[in-house]
Amino acid sequence: MAELPVTELPGDALCSGRFTISTLMGGDEPPPAACDSSQPSHLTHGSTLYMRTFGYNTIDVVPAYEHYANSALPGEPRKVRPTLADLHSFLKQEGSHLHALAFDGRQGRELTDGLVEDETGTNSEKSPGEPVRFGWVKGVMIRCMLNIWGVILYLRLPWITAQAGIVLTWLIILLSVMVTSITGLSISAISTNGKVKSGGTYFLISRSLGPELGGSIGLIFAFANAVGVAMHTVGFAETVRDLLQEYGTPIVDPINDIRIIGVVTVTVLLAISLAGMEWESKAQVLFFLVIMVSFANYLVGTLIPASEDKASKGFYSYHGDIFVQNLVPDWRGIDGSFFGMFSIFFPSATGILAGANISGDLKDPAVAIPKGTLMAIFWTTISYLAISATIGSCVVRDASGDVNDTMTPGPGPCEGLACGYGWNFTECSQQRSCRYGLINYYQTMSMVSAFAPLITAGIFGATLSSALACLVSAAKVFQCLCEDQLYPLIGFFGKGYGKNREPVRGYLLAYAIAVAFIIIAELNTIAPIISNFFLCSYALINFSCFHASITNSPGWRPSFRYYSKWAALFGAVISVVIMFLLTWWAALIAIGVVLFLLLYVIYKKPEVNWGSSVQAGSYNLALSYSVGLNEVEDHIKNYRPQCLVLTGPPNFRPALVDFVSTFTQNLSLMICGHVLIGPGKQRVPELRLIASGHTKWLNKRKIKAFYSDVIAEDLRSGVQILMQASGLGRMKPNILVVGFKRNWQSAHPATVEDYIGVLHDAFDFNYGVCVMRMREGLNVSEALQTHTTPEALIQEEQASTIFQSEQGKKTIDIYWLFDDGGLTLLIPYLLHRKKRWGKCKIRVFVGGQINRMDEERKAIISLLSKFRLGFHEVHVLPDINQKPQAEHTKRFEDMIAPFRLNDGFKDEATVTEMRRDCPWKISDEEINKNRIKSLRQVRLSEILLDYSRDAALIILTLPIGRKGKCPSSLYMAWLETLSQDLRPPVLLIRGNQENVLTFYCQ
């Protein structure tokens, strides 16, 4: 714990207790009312510090709900725990800061306060302006049951029972329920893995799988619900139209009657929605009661003895032989098959997302969604099984409906179960002309019921409740999608109104879509696509649960435990299979739309971070493959140039970053290293902000690289840390890339000594080394500070982006003067594979003797062909060993003159002291020992000017200065001489003298 100094108390504040804890801020806290000797003085009510930290004098705090919530409670400032710096670093006596950390007038709201919601809070006393919130029964179970029940229950389930038989019908029901139950378990797991806000299915998928899949599903799910409003409304309108025609009172004509009734109905539903969720919920309860009454009416009807009219239509109340006959299938018609019946029934098992879609209007979504959804699935399944079994026990498959078809004495045979009940339907049964019976009459439930109009009312309730649920779901899901701004031009519809933040604009948009499809009246074509959109949602919900489980992320901790990742995977696969079983072409369209929207979001790359399981999966894959690389032994064929680039802040040297990323992009590792020089205590607070900003800059520039920074006392020690600690396992840098130090002649000699020391350290650590020089320089920050003219700034901008543009039909000149293992050849080969450098011609220059030029050229060409690099143009330099021109030699001598010791006539003690104080200076002995190397660099600079003045890039072997024998100033003079007069960028490369190229296949 971080201890606070105890301020002295005035004498009159002292009590008789043995221990006394003073207040943190002296007069800022109220003094104790009195000293009570019956308890230690540090337990008095005046010490709020005790309430927080068990009486210890510390700013550390106990666990509290508010420390983990995203926002504060309404009307109260947000509480935060002390930072690590507050606890660990030197404590400053800043009264306001300490008081904010330690003093809490609420006397320690601790972990038990987690019962209070942090944003949509549900306090025990409801405030006047508090939004309406629903429990699991009214908010989820009833809503899901109403959305699951539909016209198929009333008009198609008896027919499916007649076709498939009771046994296979139960199998169809249970298979459908298995899919929805697995999805319900997945929803329950996802919805209990953290606080769920508004947005329903879209929110669950997007926060689990990320914005890419979540955004695409959210958009099509909202659209599917909007069209679902039209589908259910048209179902209601068709029933009303049939009633009008039955009583001879049509409005206009059959098609326009549907349009008129549909538009009027959806307008009424819109008005209910706009009235608020409270009124919408009351309407749903009313519809639920109507359906319950219709069910009771049906069950009572099955118990009433059949009238003559009902008997003529095939109803004879419960009989065992009818039940036995209807156990087995009797396939008829085009759809007469198991999968045909399954495809017709399955949509009636969907609708389980209705409760989750209003997650923002639930009191406790984590409790309401699992309990309400699973209970809705259970009770609707019971209702389907019960209706299938009861109606299959009461009604025969074929009946004429003619009351005159009673049994009469005569020679004609009588076939079928009806014969045993005094009815002869043999003729219509043989001719397949029966109009009634379980397999022929869709209104069988109405016929069986005690009062047929109540079944019609049930159909009305089922269709209207489903339409209302779809209208609310479409608007709520779309509102959340708009707020996340994953797609353009939709933010207008995200605004909420009133205490419940009702999506009024979303309601109006869903209303417009519904009216459009009602007027089009071509729902038979669009309905299969909509069904597949819902199945896409089921598949992705199940996959979300599976993926979150399989990644083993510590953040996946659902409080609902009754799920299985393998069951979720099965649910995802079977949902896709069912899509194709229902309508294969609609499945292809649905998947195509999802992929299109997915690719759009991937292309746009929205700046959101929801901690998705995709991110966790990426980490798992990266970790698994990184560990797996440890088992792979190094091989020349698998060599990759993995670069540690000393960029400092990457945006200071954009050209260097661009150049290296050209040959490492999608190929190998690139780390941008940054050494922050200074005392660690002062620089540590900068690290996190600096790293985040530079990583964003790399991402914005589309550079696939890592950023790594260290704090060190000087550059050299910092780079040593980077070279030893950067990377992971086999993914460690093997090349150090640095920019050329242009100001070496005017800079402090110690910095030059550090710079050359970095190169020596790289060779000691078995790194290859690349030194990059551009005539304009690499550090744009210097240019921004020194240049003031617009022309100069434009030139710097062009130089900083030179490697982002195509290099044209110039040349890449490689001076492969010394064999370093092949790195000098490999890097230009990798560059040439990129589009920007693909048009450049590569020329290879090697040293040689004038009398053996052809032989040496052929030998190098043969070697290059074995390397399969595609380099065919080779030039031998026979004059490389000639003496340089005198003027160039003189310029080199003038360059090193300020750095010479001139120790020829000085005593040994003086020379030793000078060398100790100025190790970068060059003695006369070192001049003489390195004279041949120095002249070689001068001569090579002349050759570079002769051959490569107009090249796009010059690559040559980096000379090596022996440690202790070549002072830093002399080595810098070599590099300066090689590159100072060249217009093209120059890259000096020296590998670690190990092979990186091979012509063997193993």
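Cβ coordinates are placed from backbone N, Cα and C, and glycine is handled just like the others.
The record from Swiss-Prot ties Gly351, Ile352, Leu353 to chloride, and of the options Tyr154, Tyr538, Tyr562 it ties Tyr538 to that site too. Binding of ATP is attributed by Swiss-Prot to Leu646, Arg653, Gly739, Leu778, Asn779, and within the candidate set Val627, Val632, Val675, Val710 the record adds Val675 to that site. Noted from Swiss-Prot: of Thr53, Thr239, Thr998, the annotation phosphothreonine belongs to Thr53. Recorded residues Cys419 (disulfide bond) and Cys434 (disulfide bond) have their alpha carbons 15 Å apart, per Cα-Cα distance.
Nearest in space to Ala462 (Na(+) binding site), taking C-alpha to C-alpha distance over the recorded positions Ile352, Cys414, Cys428, Tyr538, is Ile352. Sequence-distant contacts of Cys428 (disulfide bond), defined as residues of its own chain at least six apart whose C-beta falls under 8 angstroms from its C-beta, comprise Asp398, Ala399, Ser400, Asp405, Cys434, Arg435. Listed recorded positions near Leu146 (Na(+) binding site): Gly351 (candidates Gly351, Leu353, Cys414, Tyr538; Cα-Cα distance within 10 Å). Reduced to three states, the DSSP call for Ile352 (chloride binding site) is coil. One residue stands out among the recorded positions Leu353, Cys419 for having the most other Cβ atoms within 10 Å of its Cβ: Leu353. Per DSSP, the secondary structure of the region 'Scissor helix' (613-628) breaks down as 16 helix, 0 strand, 0 coil. Here Cys414 (disulfide bond) is positioned 46 angstrom away from Ser465 (Na(+) binding site), judged by their C-alpha atoms.
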